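S.K.: Have a look at the structure that comes next, please.
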Amino acid sequence: MRRSGYKPKPVHTIRENGDINALQGRIQDDYDIKVFQYRQQQAELKRNQQEEDLRENHPYFDTPLFAISRESNFRKFCQLVVEARYNVTPKDRLGQDAKINRYKEGHKFLDLVTYLEWIMITVTILSAVSMSFETPSNRVIDQPLLQITEYIFVIFMSVELTLKVFANGLFFTPKALIRDFSGILDVGFFLISLIYLCWLPRSVPANSAAQFLMLLRSARPLRIIILVPDMRKVVYEVCRGFKEILLVSILLVVLMFIFAIYGVQIIGGQLARCNDRTYYKQQGLCRGTFWRELYVSKMNVTGADPVMLVPRVWANPHNFNFDYIGSAMLALFEVLSLEGWLEIRDIIMDRMGPEHAIFVHIFVFIGTLVGLTLFVGVVIANYSENKGTALLTVDQRRWMDLKGRIKLAQPLRTPPRPENNKFRSYVFDITQTKMFKKSSAVLVLLNCALLYKPWKPKEKITQISALISSVFTFLFLVEATMKCIALGVVGYWQSRRNRFDLLVTILGIAWIVLNIISMGQNDLQEFSNTFGFTVIILRFFTIAGKHATLKMLMLTIIVSFFKSFFIILGMFLLMLVYAFAGVILFGCVKFGPELGRHANFKTVPNAIVLLMRIVTGEDWNKIMHDCMVVPPRCTRGGSYWESDCGNSTASILYFCSFYIIITYIVLNLLVAIIMENFSLFYSNEEDALLSYTDIRHFQTVWNMIDTGRKGLIPARRVKFLLRLLRGRLEVDAEKLYKHMCYEIEKLNNGSDVTFHDVLNMLAYRSVDIRKSLQFEELLAREELEYLIEEEVAKLTIRNWLNKCLKRIKAKDQTNVIKSLQRGNELAFFREAQHAITTNEALRKTATNDSSSIEDRQQLQQQQQQQQQTQSQKEIAKRKLDRTTTLPTPSSDISNPNYRLQPGLREIPSETKGSKRPATHPQLQQNISLTFSTDDSYSWRSWEGAHHLNTRKDIESWWANQLDTST
C-alpha cells in the first residue's frame, strides 16, 4: 500500500492504440480514477484508524470472550489454525511469487477455503452420507455406527467453533463468529445437533417437538453452502433482490385470491356428487349402501361381473374443491403450474356446464402467460442486476464477452507439416482438407443410421447392420491411422478429440472381436448387440467437433455447466435436505394412486428420485394429495414410524415450497446463465472487441513460436511473437513494445508464459480500459500501467546512460592505444640505431688488416660486442614473437583522410620489384628526431588480427634495413 500522504499526481498514461498522452491531453473524467483510488485508500486508513482508536480507548474491544488479550500467543495460534489455507502462488527460491502454469484451476479450487473449512466440509459430507442411511426402520438410536458418525460431527464442529471464538471472538469484535446470518446458522446447527445427540428420543409421535427437532437436523447439508464462499455468493445474489421477487409474488397471490373468491361464490358447493350413479345429483337420496361392480379385467370374460356392497357418499372431487378460500387457492396454484388443470376444467364442465369452463381458461392465460412470466423475468433480471451483468455498459459487456472468448480459446494442437518426409506430408495434406473432414462426418451419420431398428439376436437385419457397422469401424481405424501418420503419435495424442476418437475406435474393434466370438450364443449375442449400439452412440458425439456450429453449441453447454456448477450443487443440497425431511414426514404414508412402489419416501435414494420427478413437474400435485391422507383412510400410531397417515399442512408447505424454489427460481437461474453464454457465442463479429478471426490469427502465430506445442514459451521469445501479429492485435513497436515486454516479465517473474497470459495482455492493450473495465478491475489495471510506465522510463534512462558510458570508455581506450602505438615505434627506432652503430664498427675493423696487436685485441672486443648485439637481437625477436600487428596498409597512406584503426600499429611497406634506398643520413635523421623527445615509453604487447603474417612482415623489414645499412 502507498503511504498515507499519497495524493494523485500527474502521470503519463498509455491510451488506446499505443498513444502515450501527457496530463495536458486528458479530459476531465480522467481524474476520477486517481480520485477514486485516493478515496479508497483514505477510507481504508480511516477504518484502520477507528479500529486502533477503539483498541486504545476500550480495553475490551477485540478481546474474545472479554478474557483473551489481543496480543496473546494462544490467540495468535488459534488465528493461525483458523486462517491457514493453501497458497495458490507458492514462493520460489528467491522468495518471489512463482508462476503456476499447470493445473491452475486445481490450485484455485484448493485455495477456495481454509484448511479448517475443508476439514469441516469433509466431515459434513460424511455426516450427510450417514444420514442418507437413516429410515423409519433404521434409526440412529438403534445403530451404533450412525451414532459414531453423529458424535464425530458434533466433536469436530465443537472444535471448529471453539477455535473461531478464541481466534476472532463471539460478539463485538471485527471478525466475530456471530456477525451475520451465516454465523447464526452455524451456531444453530451445532446446538440442534448437540441437543439431538444428548436426547436421542426413542419415541417420536407425529407433530411432536422431537419430530420438529429431527426436521431441523435434516437441514445439516446446508452448512456446506455456508462454508463455500461462491455458494454463499449465489444465495446472496438471489436473496439480495428478494424485495422485487416478493412484490411479484404478492401480485400473483392477489390475482389468485381474486379468482379464488369468484370460484367460491360461483362454484363453491356445486361440485359434490354421489358415488352412486343412480342418485348422482340427488343429495337427499344419497344414503345407505349399494352394489358396486368391480372391473378387474378388460378382457371379454363370460359370466356376471363381480360386485361389492359399498356405502353411498356425497363428496367433492378427490383432489380439489372450491368450498373454502384455502382449498380454492390451492386448486388455482396447481392450475398455475399447469399440472392437472385439464382435469379441473373437465369436472367443472361436466358438473356445471361448458360456460363455466371459461373461468379456468382466463386464469391460465392471465396467471400463467402473464403473471408467471413476469415472475420468471423478475428472477432473471434480479439475479443479473445483483451479479452486475445487467448494469454493464455496452463496452463493458463486450469486454466481458471477450474475456469469456479468451478463456475458451486454446492453442492449436495441430503439429506443423512434416516437410522432411514426403509420404507424411502427402497424408498430412489429405487429412487437413475439408473434403476429408466432411467425409468423416458423413460416415458417422451413416453409422448412426443403422440404429433405425432394434438389434435383436438371430435376426438377419441385425447381422447385416452389424456387418456394415464393422466396415465403418474399419474405416474409422484407417482415419485414425492416417492422422497418426500425418501428425505423429505425440501430435495426435495432444488433441482431446483425437483421444476420444481413438477410444471409440478401440471399443469398436473390441466389439467386432466380441461379435465374432458370440456367434451362436444367444446370451452373449444380446450383450454384444448392446455393446455395439453403445459404441455407435458414443461415435455420434464425435460429430460435434467436426462442425463449427455444433462445436459452438457444445461449448455453450459445457461453459454453462461450469458457470452454473455452484447453482447446481446448491440445488442438489437443497434436494438432499428435502429428501431427509420427506423421509421423516412421509416415510410411512400408505400408498395411493401416485404414491406407490416406485415413487415413495421410504428411503433417501427413493426420495431423491421422486423429487427429481417433481422438479420436472410430473404429477407433483397428485403426490401431494396422496401425502395428505388422514383418518379414517389411515391408522395412527404412537410414533410416526408406526402410523401410515400423512400430514395435510406439512404436505402443502413441503411440496409447494419445493416446487416454487426449484422450478420457479433455481431453474430460471440456469436459464439466465445459458442465455448469457449464448450471447457470448452468437454476438456479432463486428461488435466484438476481438473477433474469432483475430483469435485464430493469434493461435496461428503462437504455433509459429511454440514449436513444441506445449502451450508455454520462454518470456524472452514473446518479443518475436509480438512482431508477427497483424490486424487488431498488431503492436506499435515504438510506443507499446517495451511496455508489453516488461508487463510479461513482471507478471511472470521471467518464467515461461502461457497462451492465455499473452492473449490477455493483448486484449487489455486493444481496448480503452476506461470504457471497458469495471471499477475494481480498472483501479488494478491503472496501478499496473503506472508501475509499468515508471519502470520502462527507468529502463530507458538506464540504457541511455550505459550507451554514454560505453562511448566515453571507447574514447579513452582509443587514446591509450594511440599512446602505446607511439611507444612501440620509439622502441623500434632504438633497436635500429643500435644495430646500425654495431655494423659500422664492424666495417671499420675489417678494413684495418695491418693493425697492431692492440688493434687485434680491440677487434676481439668488437667481436664480443657483436655477439652481445646478436643476443640483444634475439631478445628483441623473442619480444616480437609475443606481439602482433596488422599488415601494413598499402598506398592508402597517401590519402589525407587515412586513419589507423584504434589499437593497431603501422609497419612500413615495400613494393614488389624495387627497393627503397635507405641511406644512413635518413635513418640518422629519424633516430635523432626520436632521441630528441624526453618521453619514456615502456614496451607492451598489443592485440592484432593476423599474428603469423605480421611476424613475417616484421622479419623481412628488419632484414631489408640491415642489408641496406650494410
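Using N, Cα and C of the backbone, Cβ positions are placed for all residues, glycine too.
TrEMBL feature annotations, pasted as is:
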COMPBIAS  858-872  compositional bias 'Low complexity'
DOMAIN    115-387  domain 'Ion transport'
DOMAIN    436-685  domain 'Ion transport'
REGION    845-925  region 'Disordered'
TRANSMEM  109-131  transmembrane segment
TRANSMEM  151-172  transmembrane segment
TRANSMEM  184-202  transmembrane segment
TRANSMEM  246-267  transmembrane segment
TRANSMEM  324-344  transmembrane segment
TRANSMEM  356-381  transmembrane segment
TRANSMEM  464-490  transmembrane segment
TRANSMEM  502-521  transmembrane segment
TRANSMEM  527-544  transmembrane segment
TRANSMEM  565-587  transmembrane segment
TRANSMEM  652-674  transmembrane segment
S.K.: Looking only at the recorded stretches 184-202, 464-490, 652-674, which one has the largest tally of CB-CB distances under 8 Å to the transmembrane segment (356-381)?
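M.R.: It is 652-674 that shares the most Cβ pairs under 8 Å with the transmembrane segment (356-381).
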S.K.: If we skip the immediate neighbours and take only residues 6+ beyond the ends of the transmembrane segment (502-521), which ones have a Cβ under 8 Å from one of its Cβ atoms?
M.R.: 466, 469-470, 473, 476-477, 480, 492, 527-528, 531-532, 535, 538-539, 542
S.K.: What residues elsewhere in the chain lie close to the transmembrane segment (184-202), defined as a C-beta under 8 angstroms and at least 6 residues from its ends?
M.R.: 140-141, 147, 150-151, 153-154, 157-158, 161, 177-178, 210, 213-214, 216-217, 219-220, 222-223, 226
S.K.: Averaged over the domain 'Ion transport' (115-387), what pLDDT does the prediction give?
M.R.: 89
